[in-house]
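Student: Structure incoming, see below.
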Amino acid sequence: MSEFTIVRKGTFKLQYLLKIEEEIQRKWAEDKIFEEDAPAYGSPEWKQEKYMVTFPFPYMNGRLHLGHTFTLSKCEFGVGFERLKGKKCLYPFGFHCTGMPIKACADKLKREMEEFGTPPVFPVFVEEEEKVEEKGQAKIVDKSKSKKSKAAAKSGGAAYQWLIMRSLGLEDKDIVAFANAEHWLQYFPPLTKQDLQKMGLKVDWRRSFYTTDANPYFDSFVRWQFGHLKERGKVKFGKRHTIFSPKDNQPCMDHDRQSGEGVGGQEYTLIKMQLMEPFPEKLAFLTGEKIFLVAATLRPETMFGQTNCWVRPDMRYVAYKMKSGEIFISTYRAARNMCYQEMTPVDGQVDILAELVGQDIMGRPLKAPLTCYDTIYTLPMLTIKEDKGSGIVTSVPSDAPDDYAALCDLKKKPAFRSKYGITDEMVLPFEPIPIIDIPDFGSLGAVTACERLKIQSQNDREKLAEAKDQVYLRGFYEGVMLVKGHEGKKVQDVKKTIQKQMVASGEAVLYMEPERKVISRSADECVVALCDQWYLDYREEEWKAKTHKALEQLNTYGEETRRNFLATLDWLQEHACSRTYGLGTRLPWDKQWLIESLSDSTIYMAFYTVCHFLQEGVFDGSKPNAVGISPEQMTTEVWNYIFFENVPYPETKIDRNVLEKMRNEFRYWYPLDLRVSGKDLVPNHLTYFLYNHCAMWPEQPDKWPRAVRANGHLLLNSEKMSKSTGNFLTLSDAIERFSADGMRLTLADAGDGVEDANFVEKMADAGILRLYTWIEWVKEVRDGVVALVEGEPNTFNDRVFASEMNLGIKLTHDHYNNMMYKEALKTGFFEFQLARDKYRELSSGGMNKQLVMRFIEVQTLLLAPICPHVCEHVWGLLGKSGSIMYARWPTAGEVDELAIRASDFVMSTAHDLRLRLKNRKQNTKSVDSGPPTHCIVYVAKSYPEWQRITIETLRRLNDENGGKFPENKLIAANLKQRSELKKYMKKVMPFVATIKELAAEHNVERALALTSPFDERSVLADHATYLADTLELDGVEVKFSNEGNTKVQEDCAPGHPLCEFVRKPGVNITVINQQACSGHFTVQIPVRSGDKPNQIISRIQKINRYLKESNQVTLCRYADPQQSIRQIPAYDGEGDGKIPLCDSSTFEVDLEKNKIVLCTKGGEKHDLEGAIIYKVE
């Protein structure tokens, strides 16, 4: 579990949300809201649109973590949205136990208890004993020793299993039971269900089960599936190359791997270079034998250009006997792979004759195939790696930049040659041999590339990598062979031909190894083995063609996922579907084999449609079901009748009504509407999923999956999740820390697409506050704490707010529909809340009650798929009957885009004015006698002449360039031709950049419009009070730009107002509050000629922050100011002798006399004697 670094002052808000979630989940369970049954065939309800979604059932060797949760949340949000659209939704959830990990862990616990006691007492330091031969494992005496501390054992991949179980929170007394593999199946699935229920998952738990033959119903289903696959020729038997674990003595499929998921076998050509006598000292006893240094290459067509052979001086090599009687020299790792490919006398054993280091065979003469040199030599290369190939590298400097650079180094450095005992005749006579002609590179591609990039030595790694990319790519696709017998032929056409010729002549052998390191769950480094096995023949052309067709009709929600599918279909060949160790279902026709985990999980979605009849939520189906069906009654004929069309009714004792209902369930829910998974399952599970649906329903494309949504991995606080580093979070811990809805909100915000997403704990913590604040605000509105305006919404800001809600509904619908939940959260919550905040800010007279109540209802519905508990709670606060789970997506009304643009213009102008005022205050040179009191905002009816000419030129160039702006160089050249712009050239290109940005953000038409679509002066003038308040000034005046100075007239443009800050003198007036115990006090307010009462109230509000709404305040004057000011106020008669000020009244100021007079609409004037009264409701 990750260390929680956020410091909280308390957990009240968190506990508040957790309590709500607990109550809502209990209510959902009682009402069985998520239990869905198919309607009767032919009934009106049958026509109701349905939506079935699944998540690949997680493996039950631990609790779910946040990575699982991120992926399954996509299903969860999708179901929530589709329910709101009125669809009947099914989200079933199962638990995967097939494969070897559980069995391997259980067996490991047994061994630890046998060796170290119960509970085990592990040594602080552990020395690995020499590896001894295990069943099916190669013989090796590993003389290297390694030490590992107890602490390291706790965190590393080779940790003791007992300690791993402790890290899951288990006590020693409980761990003992896990030595029995069956106990894992009983322990983790219920915990997983519990965690998912606390998350609020919309799952029909009646349809849950776990896999393996421990569940006889699922076991029967898988045997039925494989019986048909065998019958249809999809399952075959034979020797096939596969990733294999010697320790486990069986193929190691993706789900059996600790690392290396998705890795397949890589085929190499092993080039046999014969070691010439006399042999080196360590091999002298083999004189007379045929000894070959074998180099693994991917480019057999280049062997005509060999000039030498590279070995690493300090690398360990072994000489070992092959089945042919020949002796090979390579690394032990390569030999270990070969011994499982029927290349050694005894399968699985390496008969080591001698152990060497590279220096032992340095400078030795070799006879290499195809090259024009009779003899080549072994030379030193220090960069050879042991984890790929054979450790022996053949050198072709004409076409391999690395080889050319290394050969040049040896030629230029006598001291380097001398260090390793290399004489001149072993190096200097050898030159690159032209073998391939490459366009732009000639007949010595590597030489040309090194010269162009000015590569000085083999240490120029980056340049050499670049050179290699250039030469290899062009050489393979465009290169033409120059060597005799293949002249004029393209490299890609003769590659296989040359390989076959070399193998047939005995000059090479085929060899395979994993593309990169694969570690099994039992911590064994895997090899490629040639195994007898049952396999699914995914290379079969007809089957592959059908799968391509399925992919064509599949919604992948993104082209990258589709490309990954296509790439997988291109390379996918056979897949071993059987093993001998682990848990699972046995092949019905060959019971010594178990069906592996990637093969029993391809069409189980169909099992979901009927398993609630059979298991009723009992994971292993061990309890009798209500319909009286036993596992034995689920025969092939019965399964056929349920899942296939046009098959006869089976001979069975199962009640016909029950069987028809089961068939009806499948026919209603299938095909699967959505499968959500991590992107790493595209090359295996998700592709097999498509293949097997095509195999089982070959003539029914309407039963093939409709959509697959693949997502990236989840980072935690911008770092990879890892138990070993402590940056790790389980589902249960995340709920405990952030609440279910707080976690769900953050998962939605973590990211969309196939890129890696990021769960940020600070965001999750902030989410708790957001949700709590939302609930409290709804309660304040409901209880009348928030003052609202009754009546029809008819103001400009009412119209804008209604339009922004309607726009939010539309945008959020589209984002949900495209499964872009981060964007849905943005438009449906964050921006939706901001629209409310803006409306509240701009509505000086108060928000309209109708609009606010609609906002609360719509906001609740938009957020419901992501935060269902909070939204269910708010739904109740609104007095809605029934659960929000039965509500419908809100209907979007008309969107007044022009009004929204005008409102956005007000907000952007306010933001710009605040920045300008801030800069003015910070720039002391611009401050005159004091801070400004007013602002004059200038708006333009049209662009200044120089900007108009620029825009017209851009429009012309855009039209001439097919609707795209040309490069800036061409734009500048055109603009320089206009003499009118000569004076403004320094401003022109920055203005062009602004126009381009506007076009990219919106559209070209909007960016190139010469006038504003609305009256900017009227819009700003209507919001002058808001602008003055946000600037904390006494007033804002709006004028046209032609009333300003020359700079204003030249730079002011539509959509880009300018401003001038001024200071207006005034006289202070005393504003008195005489209300008893009100907490409101007397204040001094500046008054200027022309001020209205609402401006005075606004200034009072700036001082008295408790006055939230301006309509709370009433201003009054004394009927007899001279007498009343001197009297002690009578608190039982607040209104005596006080006259309310009319809104249309105006204040006049005499600066010389320091006098303030109130002028009424009727022309009356009243000397205020320096004081007025304010009352607060």
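From the backbone N, Cα and C atoms, a Cβ is placed for every residue, glycine too.
Annotations per TrEMBL:
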- 24-108: domain 'Aminoacyl-tRNA synthetase class Ia' (DOMAIN)
- 183-758: domain 'Aminoacyl-tRNA synthetase class Ia' (DOMAIN)
- 798-921: domain 'Methionyl/Valyl/Leucyl/Isoleucyl-tRNA synthetase anticodon-binding' (DOMAIN)
- 939-1011: domain 'Leucine--tRNA ligase RagD-binding' (DOMAIN)
- 1064-1176: domain 'Leucine--tRNA ligase ubiquitin-like' (DOMAIN)
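How buried are these features, and what lies next to them?
Tutor: Mean predicted confidence for the domain 'Methionyl/Valyl/Leucyl/Isoleucyl-tRNA synthetase anticodon-binding' (798-921): the pLDDT average there is 96.
According to DSSP, the secondary structure content of the domain 'Leucine--tRNA ligase ubiquitin-like' (1064-1176) in residues is 18 helix, 39 strand, 56 coil.
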Student: Would the domain 'Aminoacyl-tRNA synthetase class Ia' (24-108) and the domain 'Leucine--tRNA ligase ubiquitin-like' (1064-1176) count as touching if the test is at least 3 Cβ pairs under 8 Å, pairs 6 or more apart?
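Tutor: No; fewer than 3 Cβ pairs under 8 Å.
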Student: So how many of the residues in the domain 'Methionyl/Valyl/Leucyl/Isoleucyl-tRNA synthetase anticodon-binding' (798-921) end up helix, strand or coil by DSSP?
Tutor: 95 helix, 2 strand, 27 coil
